[in-house]
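Q: This is the structure I have questions about; it appears just below.
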Amino acid sequence: MRSKVTGAQRWVVKIGSALLTADGKGLDRNAMGVWVEQMVALHEAGVELVLVSSGAVAAGMSRLGWTARPSAMHELQAAAAIGQMGLVQAWESSFAEHGRHTAQILLTHDDLSDRKRYLNARSTLRTLVELGVVPVINENDTVVTDEIRFGDNDTLAALVANLVEADLLVILTDRDGMFDADPRNNPDAQLIYEARADDPALDAVAGGTGGALGRGGMQTKLRAARLAARSGAHTVIVGGRIERVLARLKGGERLGTLLSPEREMLAARKQWLAGHLQTRGTLVLDDGAVSALASDHKSLLPVGVKLVQGSFRRGEMVVCVAPDGREIARGLSNYSAIEAQKIIGHSSEAIVRELGYMAEPELIHRDNLILV
């Protein structure tokens, strides 16, 4: 099963606050430098990488001279705003030493639940990854409400894994993985090396909360693994203090807890699309487009669409039908109904001429398309 780790080409790596700070006294630049060395080595091995970094609140607390994590929301948000500056600067300078560019992206869960913003974020992240840039993602703590209290960077990392269709989510923590009992209280506790993410037995052993600087306990990590599994990603929960942990995972070493999905990525994602979105409009296709979708599993291009029906926005679900009215597929449209009306029947190269811009060359990308 560890071949799923060694063969993974797109990783989302989440690093917790405890692994990025010097015992609560600000960011540990040396530790961050070691993480960067490991991630650069993955890059050089051909791995596409997205980093989800905690640490903004902890860094801000240090700059403000606070020794205890505040409970008041406005104080947490102030600390996050101050700390985010130093956090991003530290990552940028460390990666620059190795000739790598980084990009800061701040997200909230609303950004990923709104379909239009979801597609925008997806396109941006894909472009950055293809350019060899390492996106550094954090939750936008200054504008969220309850999320900041519950260590939701674990959940955010899982949602990002879904967003970029990652093969692997690596959650680095201050524990070696999931155990069958609390190792802090039970010296006989055994590490769970491999399990199915949806195994109900895991709930009984995932109790406990996070440390003083972060709030992400093992329960949030299990929930994150289950979220990632919906799009087919495998998750490794592993100790961040293990020497060369990322390289050793890449090499197939049996470290941490590997939680696997029930389905492969494509099937799980298609099922998620099919079961959670209402249709907002209809695209009537020509015979060539029907064949391209049904037989060749290609994206839907504007040139293959004859008619647009209904009112929909970018990112909403539409039905694709054959000339005789048979439903062929459903998918997330890259363009609104008004935009689609202007570009149907035209080649992708003509989109800019018709609209003045081009969001995507496809009307519906095959990754966002479900055959019925």
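Backbone N, Cα and C atoms are what each Cβ position is placed from, and that goes for glycine too.
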Q: From Lys14, Lys25, Lys306, grab the residue that Swiss-Prot records in the same ATP site as Thr173, Asp174.
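A: Among Lys14, Lys25, Lys306, only Lys14 appears alongside Thr173, Asp174 as ATP-binding in Swiss-Prot.
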Q: Besides Ser54, Asn153, which of Asp141, Asp167 does Swiss-Prot list for that substrate site?
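A: Checking Asp141, Asp167 against Swiss-Prot: the substrate site match is Asp141.
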Q: When you look at Lys14, Thr173, Asp174, which the record names as binding ATP, what is the longest CA to CA distance in angstrom?
A: 12
Q: Would you say which of the binding-site residues Asp141, Asp174 has the most Cβ atoms within 10 Å of its own Cβ?
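A: When each Cβ's neighbours within 10 Å are tallied, Asp141 tops the list.
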Q: Pull out the binding-site residues from the set Lys14, Thr173, Asp174 whose C-alpha sits within 10 Å of the C-alpha of Asn153 (substrate binding site).
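A: So the list reads Lys14.
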Q: Where does Thr173 (ATP binding site) sit by DSSP, helix, strand or coil?
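A: It is in a strand.
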Q: Per DSSP, to which secondary structure element type does Asn153 (substrate binding site) belong, with helix, strand and coil as the options?
A: helix
Q: Could you put numbers on the helix, strand and coil content of the domain 'PUA' (280-358), residue by residue per DSSP?
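A: Each residue of the domain 'PUA' (280-358) counted once, the result is 26 helix, 24 strand, 29 coil.
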Q: How far is it from Lys14 (ATP binding site) to Ser54 (substrate binding site), counting Cα to Cα, in Å?
A: 8
